[in-house]
Amino acid sequence: MTVSPLRGVALVLAAAALWGTTGTAQSLAPPQLASVWVGALRLAVAGLFFGAWLAIAHARRGAAEPPTARLPWPLVVAAAACMAAYNLAFFAGVRALGVAVGTALAIGSSPLWGGLLQAVFTRRPPVGVWWGGTVLAVAGGVLLVGEGARTASVSVGGVLACLAAGLSYAAFALLNHGLVARADPGRVTGAVFTLAALLALPAAAAMAGVPAIGTRDLLVVAWLGVASTGVAYLLFSHGLRHISGATGVSLALFEPVTAFVLAVVVVGERPGGMAVAGLVAVLAGLALVVRAEVR
């Protein structure tokens, strides 16, 4: 396979754009489900999506296709555990702190965790330009959601949950980066999300009881599971074949940019000057991250 950093960047940015639709989808059709159930069910729907995707891919290849390499299951299980932990911790943290602060802490901390984990476990720390761009993009992301943070209540448990979500996501990305280098991204992502759903569903039941699911819940969970999880993480996994795991995590900061644009265009919100400054900072920071990756 020919490595193309620009292609990897484009795929991850497309994934982040789909992740950015999550808030708008929930605002237009707010689910009645407990937040942990939203996270668990979107994993389950994503698992079904990947099952269908792999079945179609297998049918296209035909029975004569030679068997592909076996998946390294210990790494798959570890990545699935990280993804399940990310979903449960993120939604619990957002519930405790509010969307603005919770999202800023979780998404903002994940690139920093990613850089540190890559430096420790791969002995290949990101370069200075990467760190500068990441810090600038994180600061911009905080400014983007800063308007909502002014009235948010802060709890130690919520802060720890969001930081744990950021760490779990960064660990997932680095594990996934290693997995897609060994096996087909579709197989890897399907296995990871199916196992993550099997871990998250009983955890959600233990935390929030048996859910009562309405039509609105089904619509939101279907979108979150298929588009902003299934398709998005398929793009993300393919992108990680061309760029480092730490860069993939940093480029995910494009998510709040998409959310910002949708909030203005679709929901009709009017952002303040601080949010606009944050938008510029995120874009400038991501440009530096891309420069560090492709040079």
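Here, residue 1 is simply the first one shown, and the rest follow in order.
In case you wondered, yes, glycine gets a Cβ from its N, Cα and C as well.
Pulled from TrEMBL:
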type	residues	note
DOMAIN	7-145	domain 'EamA'
DOMAIN	158-290	domain 'EamA'
TRANSMEM	37-59	transmembrane segment
TRANSMEM	71-90	transmembrane segment
TRANSMEM	96-116	transmembrane segment
TRANSMEM	128-146	transmembrane segment
TRANSMEM	152-176	transmembrane segment
TRANSMEM	188-212	transmembrane segment
TRANSMEM	218-236	transmembrane segment
TRANSMEM	248-267	transmembrane segment
TRANSMEM	273-290	transmembrane segment
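Under DSSP, the residues of the domain 'EamA' (158-290) split into helix, strand and coil as follows: 111 helix, 0 strand, 22 coil.
Confidence for the domain 'EamA' (7-145), expressed as mean pLDDT, is 86. In the domain 'EamA' (7-145), the DSSP tally of helix, strand and coil residues is 113 helix, 0 strand, 26 coil.
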